[in-house]
Protein chains: 2
Amino acid sequence: MPRYVYDFIEGDRSRADLLGGKGANLAEMTRLGLPVPPGFTISTDACRAHLATGSPPAGLFDEVNTHLREIEARLDRRLGDPHDPLLLAVRSGGRYSMPGMMETILDIGLNDATVTGLAARSGDERFAWDSYRRLIQMFGRTVYGAPAEEFEQELAAVRATAGAAGPTAEQLHDLVETYKKIFARRVGHDFPQAPHEQLFLAIRAVFASWHSERARIYRRQERIPDDLGTAVNVMAMVFGNLGPDSGTGVAFTRDPATGAPGVYGDYLPDAQGEDVVAGVRNTIGLPELERIDPVSFRRLLEIMATLERHYRDLCDIEFTIERGRLWMLQTRVGKRTPAAAFVIAAQLVDEGMITPAEALTRVTGAQLAQLMFPAFDLTAAPEPLAVGVGASPGAAVGRVVFDSAAAAAATEPVILVRRETNPDDLPGMIAAAGVLTSRGGKTSHAAVVARGMGRTCVCGAEALDIDARRDECTVGDRVVRAGEVISIDGTTGRIYLGEVPVQPSPVARYLAGELNPEADPLVAAVHRLLGHADAVRRLGVRANADTPADARRARRLGAAGIGLCRTEHMFLGDRRELVERLILAEGPAERDAALAALLPPQRADFVGILAAMDGLPVTIRLLDPPLHEFLPALPELTARVARAEALGTDPGRDATLLGAVRRMHEANPMLGLRGVRLGLVVPGLFAMQVRAVAEAAAQRRRAGGDPRPEIMVPLVGDVRELAAVRDEAERVLAEVDDAPEIPIGTMIEVPRAALTAGEIATEATFFSFGTNDLTQTTWACSRDDAEGSFFGAYLERGIFPVSPFERIDARGVGRLIRLAVAEGRAARPELTVGVCGEHGGDPDSVAFFAEAGLDYVSCSPYRVPIARLAAGRAAVDATTGTSDSR
Amino acid sequence: MPRYVYDFIEGDRSRADLLGGKGANLAEMTRLGLPVPPGFTISTDACRAHLATGSPPAGLFDEVNTHLREIEARLDRRLGDPHDPLLLAVRSGGRYSMPGMMETILDIGLNDATVTGLAARSGDERFAWDSYRRLIQMFGRTVYGAPAEEFEQELAAVRATAGAAGPTAEQLHDLVETYKKIFARRVGHDFPQAPHEQLFLAIRAVFASWHSERARIYRRQERIPDDLGTAVNVMAMVFGNLGPDSGTGVAFTRDPATGAPGVYGDYLPDAQGEDVVAGVRNTIGLPELERIDPVSFRRLLEIMATLERHYRDLCDIEFTIERGRLWMLQTRVGKRTPAAAFVIAAQLVDEGMITPAEALTRVTGAQLAQLMFPAFDLTAAPEPLAVGVGASPGAAVGRVVFDSAAAAAATEPVILVRRETNPDDLPGMIAAAGVLTSRGGKTSHAAVVARGMGRTCVCGAEALDIDARRDECTVGDRVVRAGEVISIDGTTGRIYLGEVPVQPSPVARYLAGELNPEADPLVAAVHRLLGHADAVRRLGVRANADTPADARRARRLGAAGIGLCRTEHMFLGDRRELVERLILAEGPAERDAALAALLPPQRADFVGILAAMDGLPVTIRLLDPPLHEFLPALPELTARVARAEALGTDPGRDATLLGAVRRMHEANPMLGLRGVRLGLVVPGLFAMQVRAVAEAAAQRRRAGGDPRPEIMVPLVGDVRELAAVRDEAERVLAEVDDAPEIPIGTMIEVPRAALTAGEIATEATFFSFGTNDLTQTTWACSRDDAEGSFFGAYLERGIFPVSPFERIDARGVGRLIRLAVAEGRAARPELTVGVCGEHGGDPDSVAFFAEAGLDYVSCSPYRVPIARLAAGRAAVDATTGTSDSR
């Protein structure tokens, strides 16, 4: 016979899977001897059994009755006793907190008879009738879905009649009668008078609430599995609404906003918890409580200290004082802001409560990323004009434009404001400082695309009524016209009129070397945890950088080299004309001349980058994109030539270019003539690049530097491609005097490279996973095309829990990575293996790469600290076996 | 101490790896007691050792001497004996035949002293001096690279002086002196007189010839591994040039062109083998030999019968008659035409020499494919105008056009003639009946693209001088102008002026049901072997067919169902406008109306196809291509609108369309919004298709049919995509009365589907590998873009041995297939697994699929017989363990 019910004295916090978070923590407090009202927890097993069959498992209510009798014995009070009734609270509580999503029913046990007993025992008739009307209302709504508004209207009417002193007992008694009528009308039968029936119905309602639509939506958003089920906590009622010596409150052991030491909380005298939540009356601070009830206050401080020592972390609690007696109703490790997470973790180390390694597990790379964004100076901010969904973090200020073409053409910062966006808006989104829409959520086109490009975005600000044709939008009475300045906060979703001053992030300033680590507690905490991450991590962190300036920035941010230096960026700007000459070259002589002209500027670029990264590896990728990317686009040229022809003018050079572009046009350029294929088809191209690298390194050496270039071949799918490039490269390298030894390796960015990694490793000194392209080809999904077209729908339907371009897809792409690492190292044990796709800067992905045994990740410079932290955390998790993949 | 030398009596034909093909067969004949001159073989091990170190392995020449002494003893004649010298032939012979690529040196052992002994013993002074001059010439060229022309010029001069009777002994003696001078001048030292030195130098020269450039190129073309090395055969010389009772010949045991029974060969009296090769004199037929030397002729017939019985196959032989005595110099299983291969295999079964299973291993799917092409009636063909490289088989007749635009616009069949082609020529190539170029080989753009689209193509016809500007080309004196009719043979490379009548292939006619199997011996043989293939194969063969006509054709050709019915073809033609309505629909009502209009015509298509395939499975793929493929192309629309704007006219509907096309434009449509993604994003699209299938099946059932549709979801990468479509499909299916059970499965065509096949199988009743897309994504290589841009270079450089779109890439794509089959079946043991990419019709790939354990392949209808044969062969190979993957 399985067991489903556990008294609080039987459990502990390690059993949250079975007892839910709330139940486990109640048990833990009971075990610590803290004043918790007697009660028991019905396990998640029972809920799962109920959800599977639609009815409670056999024997459950017998077990409940057994435990109930124990409580009755302990309190010497019985459920349904008309003279001195035991009242019960029934609360849900799953493994993971789902605030406000699940159900609670208080005052179980009241009926027409026991209400008078309660009145007698409490000496407060008003209180008794008020409790009864609360029960009828909560029970009706929770168990039978009766609408709350009807009850609320009646209550409001009574309150209005009663005036400042509040309703009399008589009035409340009448209200109960009215409530019972509403209940009967809405539910179809009378309010159940039998206290045990009330209890069992309440338990079933909590079970059923697991599958309510809002709970389901919440779980999908928070990625909580759907099959966990909830536990149900049944506890003797204590009352904070028995007069001025009663009350209820919430408290934190430290400030959850800043992490500052010292307790922090709110207290509401003469009230129940639901009154705090409803925000009907104003709370007072804890110091006030000290004045009202110093004994309870001191006891509360003692308990909070005990809990913090015990949990070794910030705790939040709910408590009630019933006629001067303190009761603990809940505790848990408290939520906190990113800043508080860092500050508290560092403090706990200082206080000797946790080790530096544990401190690393208390913060995440995602939190550090948030701390690096500039933020609005909220002391200078007006009331928000409206609030939408914070869809892509950051603080953006600019002039309103309602048209993407106008945004693309703007010369000063603009905020692109659209009802919703579509692919036509892309140029405008790229040009804008921020994007604001009135429709759609975190998975809308605007949100997905903006996050993809790191652009600040607020979505679904439904208060905005946008009339793009008239170039204006209205919010209530206020009309906002094109050209007006607004400020949008992509983290909070707030929209402000005018320019709100933006504060650079102190963490970012510290990381850039502009602030001293002692500057403030947050910076000091970040400094300390990053230092510890660096000390423990096994994963190296390099940066993706294509210019000396980026390289210097990356080095300041802690990069141990460059993992990806893209050479195509060196073919843009003034040099585009040289590339055009190369493409249009007729015959080897013209082609060689064009290549020769490209060599000196590239060499100069490499000299600068190698100088910035002196003594550290610099992985230089040979040219990757298709050459036609350096020519004007086909539709544009076609239109130009068509226009000239229609007008009878000479299209001139455009006609030549159009010929070349047509000849080189590719239906799917991502899968076309690029990367190593270019190198094998355009004679001399890769040789020129290799020579530029070798000559730059030689020049640096002669100048006394320690250049460490590495040459990386892109898009290899077969070992013979790499062997051919390697042969040619080694011939060139042998010709350059003073060049250092230059390792030659390859990107692993097409599935076939991963599948044949054992062969490829025979020709490669290193592998670098290009996870962007590897994701695109493994999923057969072009990021550019997909983010705007179907990713939104996929995220919404839960087909992706998160975009595979944000977090590495461990089951698909990750399987290829593991396979390639294993087979590559089997073939060449000294093989160095890194990753240089954007996933290299995503904390969850970094954890995956650490676990997969990579040597380093490489990411954009500003993500280097995030990767360092994530790598440190991953090292700690690996030793302790922690791995909460949610 | 390794052993390197084997006497002919020690070896046998099973040791071809060690002894080379020629050596193994000489040993086999020796073992059979046939008259083979005594000799021995130096193994390929020795060659590999020589190639690795640059010098012969230690002890090799001692071993050679030991074996040489045995021959001397057996013949009672010694190398270098001035009175009766033993002369030796040294011939190369690797594992695989490389005709004309490797070296041979005859008459080793002749010098200034032994030449008189040979003269005395043969009684023929002219013969002796002629042999000596042959040795000096061959030795000079082969061992030292001395130019053959100088020797040939001197020989020609002497022959001219001598007249009809030929040079005298005196003249030949003087010629030898001249040759020795040429040798000394070209080589730098005198011709080596020591016979053993001659022998050792000749052996080393044969070793070295393995790495000659032409041998290397040949091996690359024929895909013979570079590291096999060659064996060297050393054999006592016998002479066919000792007068009218001597001679030399080649013979086949059956006609290698038609397979007709009866020996077949050529004989040249008073000649050595090299004279036959040089074609200096005309050979006579074997019946002639019967007249000249009936004894040797009868002996030859006996030997050939013995060999055929022994080898159980067509053999070809080389023989020499020395003064009435017959010697066998070589035999091997003979090459034959595809027609002969079938006819001979069937005959051998009839004659009881081989089993039907063995017969299957004697023919290939590629041979059957060749037999299905129509061919020119060569009896009616003129002399070819020129000969190029047969690059894509078939016989094409049409008017010459020199311009791709003209080809694309032509209304009657044309042959596109270009110096070479590039992507601009694509529309012309698609429209033309055949393609002819004057430059480039089998890996040129024209060749690769034409093969890809199954278009007849002749490349590199260098005799053509093309002047496209003047719309003409010249071949010698003949000018061919645009509009003239020519005929090109893509198999032989021949180009004819005028229309050569094309004969439909009798095999194709038989397969189409137009010829009776007894019609001719070839058809009878094909009928018989296909029947046996069907009896033994475990792999099913279905067809890819989208119309009732295709379905009927496929069924006639032996397809056991349709493995891929593409529904996008049902959206073309008249129905394109309906698709436009769907795309441009504003709001759900318009969209639903457009979908509703598309349903009836699709249902009608399905009814027709299900009727044609009544009782057999029909796998219907839901819509796959991106919707914008149904709209005009972006550059075309852009130009139209630009032109209208330039002229100030109204672009009208074009402007609306341009907006839609721009909005839907994708940088890489292959990786964009298509397949299952469309189904999940366009509400109702897949539901409409599923309903059309179900209603069609219900209609067929009510009409008494046995419809067996299956629904296939394209481009699935994650099980959740499939689950979502399946849910929707099952809802729709449940609504249609009389519909049969309709299995739902998925394409496995993106790497992630293969990598997560175990998960996907939980929602799929069947898998069908879409190897076209799977190859494209696994290699990150778009076939359309790559075949014209870099495949040529890749094939030429040996990076691909063959295009991965022609033959399945077993190491990369194949690995994904094996993995998906294993994990899919582990998750769902009853899973049906097939393939519907074009590889399903490639014989080598079919063998792979059989071995990988697939249930069926599906290919274009005309490839069905080829797949049936290949599947039969694969079944036989699997039982016998045969697998010559080359």
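The count begins at 1 with the first shown residue.
Just so you know, glycine gets a Cβ as well, placed from its N, Cα and C.
Long-range neighbours of the domain 'Pyruvate phosphate dikinase AMP/ATP-binding' (A:17-53) within the same chain, counting only residues 6 or more positions beyond its ends whose Cβ lies under 8 Å from a Cβ of the stretch, are 2-11, 60, 64, 67-68, 70-71, 74-75, 88-89, 91-97, 203-204, 207-208, 210-211, 227-238, 303, 306-307, 310, 325-332. The domain 'Pyruvate phosphate dikinase AMP/ATP-binding' annotation in TrEMBL covers A:17-53 (among others).
Feature annotation from TrEMBL assigns domain 'Pyruvate phosphate dikinase AMP/ATP-binding' to A:62-282 (among others).
Positions annotated as domain 'Pyruvate phosphate dikinase AMP/ATP-binding' by TrEMBL: A:298-341 (among others). For the domain 'Pyruvate phosphate dikinase AMP/ATP-binding' (A:298-341), the list of distant contacts is 21-22, 25-26, 28-29, 32, 34-37, 97, 235, 238-240, 242-243, 245-259, 263, 272-273, 286, 289, 348, 353-354, 358, 362-364, 367-368, 370-371, 522: same-chain residues at least six beyond its ends, Cβ to Cβ under 8 Å.
Taken from TrEMBL, the feature domain 'PEP-utilising enzyme mobile' covers A:412-493. Confidence across the domain 'PEP-utilising enzyme mobile' (A:412-493), taken as the mean pLDDT and rounded to a whole number, stands at 89.
Annotated active site, tele-phosphohistidine intermediate per TrEMBL: A:H445, in sequence order. Under the DSSP three-state reduction, A:H445 (active site, tele-phosphohistidine intermediate) is assigned to helix.
If you look up TrEMBL, you'll see A:532-872 marked as domain 'PEP-utilising enzyme C-terminal'.
What TrEMBL records for A:R566, A:R621, A:E749, A:G770, A:T771, A:N772, A:D773 is substrate binding site. The Cβ neighbour count for A:G770 (substrate binding site), using a 10 Å radius over every protein chain in view, is 28.
The Mg(2+) binding site annotation in TrEMBL covers A:E749, A:D773. Cβ neighbours within 10 Å of A:D773 (substrate binding site), excluding its own Cβ and spanning all shown chains: 21.
In the three-state DSSP scheme, A:C836 (active site, proton donor) falls into the coil class. Here TrEMBL flags A:C836 as active site, proton donor.
Site extent for substrate: the farthest pair of Cα atoms among A:R566, A:R621, A:E749, A:G770, A:T771, A:N772, A:D773 sits 15 Å apart. Around the Cβ of A:E749 (substrate binding site), 27 further Cβ atoms fall within 10 Å across all displayed protein chains. Put plainly, the binding-site residues A:T771, A:N772 were compared by Cβ crowding within 10 Å, and the winner is A:T771. Those recorded positions from the list A:H445, A:R566, A:T771, A:N772, A:D773 that have a Cβ under 8 Å from chain B Cβ atoms: A:D773. Taking CA atoms as the reference points, A:R621 (substrate binding site) and A:C836 (active site, proton donor) are 11 Å apart. Here the Cα atom of A:N772 (substrate binding site) is found 9 Å from that of A:C836 (active site, proton donor). Taking the centre of the Cβ atoms of A:R566, A:R621, A:E749, A:G770, A:T771, A:N772, A:D773 as the substrate site, the nearby residues of that chain (Cβ within 8 Å, site residues left out) are A:L564, A:D624, A:P714, A:M747, A:S768, A:F769, A:L774, A:C836, A:G837. Remark: secondary structure over the domain 'Pyruvate phosphate dikinase AMP/ATP-binding' (A:17-53) totals 25 helix, 4 strand, 8 coil, with classes taken from DSSP.
The two recorded residues, A:D773 (substrate binding site) and A:C836 (active site, proton donor), have Cα atoms 11 Å apart. For A:C836 (active site, proton donor), the same-chain residues that are 6 or more apart in sequence and have a Cβ closer than 8 Å to its Cβ are A:R542, A:N544, A:G563, A:L564, A:T619, A:M747, A:S768, A:F769, A:G770, A:T771, A:V857, A:S858.
Taking the C-alpha positions, the distance from A:H445 (active site, tele-phosphohistidine intermediate) to A:R566 (substrate binding site) comes to 29 Å. Following the DSSP three-state reduction, the secondary structure of A:G770 (substrate binding site) is coil.
When the recorded positions A:H445, A:R566, A:R621 are scored by other C-beta atoms within 10 Å, A:R621 scores highest.
Under the three-state DSSP scheme, A:E749 (substrate binding site) falls in the coil class.
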